[in-house]
Amino acid sequence: MAKRKAPVKKNEEITLTFEDLTHEGNGVGKIDGYPLFVPYALPGEKAVVKVVKVNKNYGFGKLIEVKEPSSNRVEPPCDVFYKCGGCQIQHMSYEMQLKMKQKQVKNVMHKIAHLSDVPVHPTIGMEDPWRYRNKGALPVGEKDGELITGFYRMRSHDIISDMETCVVQDEVNDRMVEAVRRIANRFGITSYDEKKDKGTLRHIMVRTGRKTSEVMIILVTRTEKLPHQKEIVKELTETYPNIKSIIHNINNRRTNVIMGNKTKVIWGEPYIYDTIGDIRFAISAKSFYQINPYQTEKLYEKALEYAEITKDDIVIDAYCGIGTISLFMAQQAKKVYGVEVVPEAVEDGKKNATLNNMTNAEFFVGEAEKIMPWWKKQGLQPDVIVVDPPRKGCDEKLLQAMIDMEPKRIVYVSCNPSTLARDLRILEDGGFQTKEIQPVDMFPQTMHIECVSQLVKKM
Ligand code: SAH
């Protein structure tokens, strides 16, 4: 058989029509069946593209000029959209974003889970899909002797120095990062230099409670000491009364991970509060908390609806974080058991149960894949199991424990449709039926997709 050659050469300029979109948000156009992936190209568009990389079975291109724009192409409001790695699809109408996300979920259900008939509902979107993030963590650098903060340029660790605002970030967070940087700069704090592994301030993190407007500031340094700590704290807290907590975290390792192991409260409380529905939550620096509070409420309501809890039901909430879903379920259930691997989050969970006068939720520290089989051995028989794992999905041992426990229903909350589809296949083979899937847009302007799905035990 003749060896197939790529039909394009590097640096060649071609005109291409786009048909599809990858899960990274790249447009896909084909030349004699050979796919070229092009950032910022939209399906339905015709554009001039420069070929930048040629592999055997696919290549990459750069968008040079859109000849026939899609009716869904919009002007991105962010000045640095085309440099920043944070958002991928600000150039796409919101309506198309929602449709595209639903389609992507349908696709993986078909291809990975072999579940072509399961209803995947239209994505639940936001009315105003901007300024939704309640948390920001910005790397700190220096330019012309001044501290700068900004996200990294795509696929690099160069800070975008002309980023003035982030349009998906809560305005309070934007302002607070700016304030901390300005004050730190005045006291001569140096930024951490990744290449030389020198300097002080690595990241400025801010978390805001949307309903309470309480602010937590986390300063991540390489050094044990934060120079001028007293003065910095004084100035921040005297100027900004919403600040309720200032945390100093030390990260002296050469790593991409933002926070290190040592965390000190240097002012105020170790947590801030926020409210979802009727429940109040304390959130500490190291605990996971959903970043889009507007959509979280819709997500949890859907999870609760899918759980169909009655007052005699026993519920397990695996990967429970600070117990948000657990306490939502505990409003209706007889008893909820939560399990979570981060000890600080479990402490928050216990505190949150007390805070809301709930006595029917109990929280355990540990790996869900170890605790669940142990619970099974102890004879725990849940009516409903809720799981909400990180991107990599559920551990196989956990899936097996769920199958062995034979709950009436499973509610699977997922931030990664591919691993969701993989796990649904295993649960289907283990005796459950996927009834429906609801995508919820927790991350507008990005390619990330959140889903809630309901499974029932097959009779
Ligand atoms: N349901 C919560 C948290 C979901 S995020 C909410 O909606 O807020 C996923 C959580 O799983 C994180 O808190 C993370 O710390 C936790 N986690 C990760 N691996 C785990 C494991 N093996 N066992 C238990 N929890 C785990």
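Backbone N, Cα and C define each Cβ position, glycine as well.
Under the heading domain 'TRAM', TrEMBL lists 7-65. Annotated S-adenosyl-L-methionine binding site per TrEMBL: Gln290, Tyr319, Glu340, Asp388, in sequence order. TrEMBL lists Cys415 with the feature active site. Taken from TrEMBL, the feature active site, nucleophile covers Cys415.
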Task: Tell me which recorded positions (Gln290, Tyr319, Asp388, Cys415) have a Cβ under 6 A from ligand 1; sequence order is fine.
output: Gln290, Tyr319, Asp388
Query: DSSP says what for the domain 'TRAM' (7-65): how many helix, strand, coil residues?
result: 0 helix, 37 strand, 22 coil
Task: State the three-class DSSP label for Glu340 (S-adenosyl-L-methionine binding site), counting H, G and I as helix, E and B as strand, and everything else as coil.
output: strand
- prompt: Of Gln290, Tyr319, Glu340, which binding-site residues come within 10 Å of the residue listed as 'active site', going by C-alpha to C-alpha distance?
  reply: none
Message: Please give me the CB contact count at 10 A for Cys415 (active site), counting all chains in the structure.
response: 18
Field: Rounded mean pLDDT for the residues that make up the domain 'TRAM' (7-65)
entry: 95
- prompt: Which chain-mates of Tyr319 (S-adenosyl-L-methionine binding site) that are at least 6 residues away have a CB under 8 A from its CB, listed by sequence?
  reply: Val339, Glu340, Ala368, Val387, Asp388, Pro389, Pro390
Task: Just name the winner among Glu340, Asp388 (the binding-site residues) by count of other CB atoms within 10 A of its CB.
output: Glu340
- prompt: What same-chain residues, at least 6 away in sequence, bring their CB to under 8 Å of the CB of Gln290 (S-adenosyl-L-methionine binding site)?
  reply: Thr296, Leu299, Thr324, Met442
- request: Grab the S-adenosyl-L-methionine binding residues from the record (Gln290, Tyr319, Glu340, Asp388) and give me their largest CA-CA distance in Å.
  value: 15
- prompt: Neighbourhood of the S-adenosyl-L-methionine site (Gln290, Tyr319, Glu340, Asp388): other residues with Cβ within 8 Å of the Cβ centroid, in order?
  reply: Phe288, Asp317, Cys320, Gly321, Thr324, Ile325, Pro389, Val413
